[in-house]
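To start, the structure under review is shown below, and the notes come after it.
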Amino acid sequence: MSTPTLPDMVAPSPRVRVKDRCRRMMGDLRLSVIDQCNLRCRYCMPEEHYTWLPRQDLLSVKEISAIVDVFLSVGVSKVRITGGEPLIRPDLPEIVRTLSAKVGEDSGLRDLAITTNGVLLADRVDGLKAAGMKRITVSLDTLQPERFKAISQRNSHDKVIAGIKAVAAAGFTDTKIDTTVMRGANHDELADLIEFARTVNAEVRFIEYMDVGGATHWAWEKVFTKANMLESLEKRYGRIEPLPKHDTAPANRYALPDGTTFGIIASTTEPFCATCDRSRLTADGLWLHCLYAISGINLREPLRAGATHDDLVETVTTGWRRRTDRGAEQRLAQRERGVFLPLSTLKADPHLEMHTRGG
């Protein structure tokens with residue numbers, strides 16, 4: 001893949017704060033670096049074969065750096081690297097080194113994190129730390145190997161557990177474990193996952209099963225709601241206290257009687273659209289305002305055509321100021337709510353897939 005020279009991208013404009021039409025500031029960028037994954041989780045990408053983004057369209061490290069500089073100029077302070085499975089990308093350490101060098105008051109970047117399924121993590125965690133990664137989130141839906149195989153359609157449970165333990169051994173802090181909770185699949189493991197998280201210095205976040213692109217088996221009866229989760233955990237632990245919320249993060253956090261904390265992301269039954277400050281960039285440079293967005297703004301094409309930093313700042317600023325997306329709220333308001341997008345539609349456009357837009 002040929003990488004264009006970017007001579008005009010080295011002098012970022014002063015930072016500005018941009019509001020959309022719902023008065024939501026831009027603050028969080030989810031940066032997908034690859035659309036491929038080595039699992040086939042039934043709630044995300046259950047099919048065995050997919051149409052992948054053309055490899056020549058994937059942003060290079062230099063292009064990623066240039067586009068991130070654009071977002072930092074308009075108020076983004078948090079960047080989370082996602083996939084697909086980001087650890088599959090061979091030059092991920094270079095991406096992390098490049099972005100971690102931007103963390104600091106001058107750029108406005110306060111947080112650099114990564115979300116991974118953990119399969120490759122045990123072998124890569126030291127490299128991530130050396131490259132400057134600040135925080136790691138690992139997806140883990142069950143502590144039972146057979147259930148893991150049923151959910152992910154792969155036999156990699158031991159590798160994920162080893163990866164999570166390696167994160168703790170490497171000295172990372174503020175580690176999160178993300179669990180998608182599905183009735184009949186793993187809803188009876190909530191307390192077990194909290195107990196496991198204690199042993200690896202992590203906090204578990206339980207996520208309601210979402211009907212996003214790729215969730216072609218979604219149904220209301222499979223959703224184990226936030227209310228269901230709290231009721232289940234109170235039977236085990238007693239009174240659970242909600243913790244004050246100080247930012248726009250999607251999780252509501254709670255404390256057990258002994259002070260152990262956990263989070264719940266109730267995007268399906270209690271959407272956080274009103275305060276959502278996040279957007280998504282696909283691995284080939286399509287900027288999406290919402291997880292449910294059907295279309296986006298291509299930033300790769302103007303960048304490769306010679307657009308300057310300020311040109312792209314104008315594009316992003318204009319796009320965000322026009323933003324009205326409240327996808328999860330609109331889905332919740334539907335009387336009859338089924339699968340968001342049929343498989344035929346997803347196969348026609350890989351950008352609609354959950355695994356392409358970073359979850």
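Note that Cβ sites are derived from N, Cα and C of the backbone, with glycine treated the same way.
The feature domain 'Radical SAM core' is assigned by Swiss-Prot to 21-241.
Feature annotation from Swiss-Prot assigns GTP binding site to R30, R80, T115, K176, R278, S279, R280.
Taken from Swiss-Prot, the feature [4Fe-4S] cluster 1 binding site applies to C37, C41, C44, supported by sequence analysis. Counting every protein chain shown, the number of other Cβ atoms lying within 10 Å of the Cβ of C44 ([4Fe-4S] cluster 1 binding site) is 24. Secondary structure at C44 ([4Fe-4S] cluster 1 binding site), as computed by DSSP, is coil.
There are 24 other Cβ atoms within 10 Å of the Cβ belonging to M210 (S-adenosyl-L-methionine binding site). Taken from Swiss-Prot, the feature S-adenosyl-L-methionine binding site applies to Y43, G84, S139, M210, supported by sequence analysis.
Annotation for C273 ([4Fe-4S] cluster 2 binding site): same-chain Cβ neighbours under 8 Å, separated by at least 6 residues, are D325, R326, G327, A328, E329. Residues or ranges marked as [4Fe-4S] cluster 2 binding site by Swiss-Prot on the basis of sequence analysis: C273, C276, C290.
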Please give me the binding-site residues out of C41, C44, S139, C276, C290 that lie within 10 Å of T115 (GTP binding site), comparing Cα atoms only. S139
Relative to the Cα of M210 (S-adenosyl-L-methionine binding site), which of the binding-site residues C41, K176, C276, R280 have a Cα no more than 10 Å away? none
In which DSSP state, out of helix, strand and coil, do we find R30 (GTP binding site)? strand
Name the residues of the same chain, 6+ apart in sequence, whose Cβ is under 8 Å from the Cβ of G84 (S-adenosyl-L-methionine binding site)? S32, V33, I34, D35, Q36, C37, A283, H355, T356
